[in-house]
Amino acid sequence: MLAYLKGEIIAKEMSGGPVDRLVIDVGGVGFEVAVAHSTLMTVGQPGDQATVHVSVAIRETEWTIFGFARHDERQMFTLLQSVTGIGPRLALALVGTLGVDTLVEAVTSENQKMISQAPGVGAKVAQRIILELKTKMEVFAAARGKSIASPAQTKGQHAVIEEVTDILSHYGYTPTEVQSALKEAEKAGVPRDTAEELLRFTLKLLGAGALK
């Protein structure tokens, strides 16, 4: 089974929905990979060399390769599909919208509202994710060497994220742009204890058009 693809990016296509398309040439063979918008924006440009971590979903009539910028995103994608009723496309939407660290925090702190920000995830699905994954998420975080924030810390961080989200939305940025910027902030290790630094980072990123 495929674990990753390493080669030249041939094409990038935005669908306007939660699943975009990437074509990567590996040894003369072109692989079509389904990716989240955030991955499409950060993986590189056509002509660049890239490594994409992948998971293959096999159905009776089709094989779909789902791709991720990082190995832990692939792991989270697999973990989410262990939840009743969650298939690969919804799992991709969750990983692409929220990111790994935010998903861990949201599930372990039972933050249903945060989980429901992903496209296609309603209240019932969010509740099911929390019910079926809370313990597994704690194990997942421990395996990555990450400590689980205390309830007070997590509540404070989520309040900061919601505040920044509201401000960016007021400035006219779309939900997809906002979530992509927040995910980039997470990757960069921007503190989420106060809104000021997180807002400064995301505004700079969005203002520069780096996510388009």
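Every residue, even glycine, has its Cβ placed from backbone N, Cα and C.
Residue counts for the domain 'Helix-hairpin-helix DNA-binding motif class 1' (78-97) by DSSP state, with H, G and I taken as helix and E and B as strand, are 13 helix, 0 strand, 7 coil. Look at TrEMBL and you will find 78-97 (among others) tagged as domain 'Helix-hairpin-helix DNA-binding motif class 1'.
Beyond its flanks by at least six residues, the domain 'Helix-hairpin-helix DNA-binding motif class 1' (113-132) meets 17-18, 80, 82-86, 89-90, 93-94, 97-98, 102-103, 105-107, 158, 161, 175, 179 of its own chain at Cβ-Cβ distances under 8 Å. Marked as domain 'Helix-hairpin-helix DNA-binding motif class 1' by TrEMBL: 113-132 (among others).
Sequence annotations record features per position, and here TrEMBL assigns region 'Domain III' to 157-212.
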Chain residues in Cβ proximity to the domain 'Helix-hairpin-helix DNA-binding motif class 1' (78-97) (below 8 Å; excluding those fewer than six residues from its ends, i.e. six or more beyond): 18-19, 34-39, 55, 57, 64, 66, 68, 103, 115, 117-121, 125, 128-129, 132-133, 136-137, 140, 179, 183
Whole-number mean of pLDDT values that fall within the region 'Domain III' (157-212): 82
